[in-house]
């Protein structure tokens, strides 16, 4: 009986020692794993802080960070990353003959400069960058791009989506439109601050000087202010400005014209009812002005006491102007609203 008890005691001691050794090994292993994970996290954090600091240093020199293939892979594609990047891929070299690239670059620079004066700039959550084809053709190849300019959003986390590529053909490339797209993709609001337009200020100054000079010359005879024809012309100009879309231009800030990146063709009329171009408003303004001129000729000659031959001639001219330019305005309308059935001429 004593030998049996002693044997059982030895066995229990053996198993107890084995359990203690296993517990020590398990605890040590977990401690080593936790230490490695902690060091790994610290290494990732240090690497991330270094990347952000490098971007901040680059951004302090210029609003748009210029990148080549190496910088693109380091700061845009490689993790870790807790910031978003708006990247413009362009071709600014004169040898590339990309006129629209220069126009888009000007608006993009305004957008990036405006971001530097925004409240959230110091958060380091958004950076603006660009890759020129001559400095990073491998980036174009990696993104499978064969045209420029292209503006893309690279989010801090997750894969890119289709809407992360800016639709320049539909939305234009004005800085205000780009800012709306950036807000939609990043929840970062940017108030566009454009450089002072000295040309507009000089134009207004010259116009006011001319009006002042006219009033001075006519200071003894101000019948011009009581002339119905002048007031009618002034009222018509205001109407044409409004119906041609000038207020829409002021709110949306569209480009003057649009160049097709693939064909190089310049469009002065937007091909969709969702947008318009500045040149388009001028065209519509002139068309409505010509139509109104035709109606004025018809109306004045109907009540005129002039020679019947002249009345007939001016009536025909007025009618021809109305038919011709009303046909053109319908063509513009059909070009924006595809499938519109009405027309005067093919």
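Cβ atoms here come from the backbone N, Cα and C positions, even for glycine.
Looking at 178-197, 198-217, the range tied to transmembrane segment in TrEMBL is 198-217. In TrEMBL, the feature transmembrane segment is placed on 229-248, out of the ranges 149-168, 229-248.
Remote same-chain partners of the transmembrane segment (314-333), defined as residues 6 or more beyond its termini with a Cβ less than 8 Å from a stretch Cβ, comprise 269, 280, 283-284, 287-288, 290-291, 293-298, 300-302, 340, 342-345. Counting same-chain residues at least six beyond the ends of the transmembrane segment (282-302), those with a Cβ under 8 angstroms from any Cβ of the stretch are 236, 240-241, 243-245, 268-269, 311, 314-315, 317-322, 324-326, 328-329, 332.
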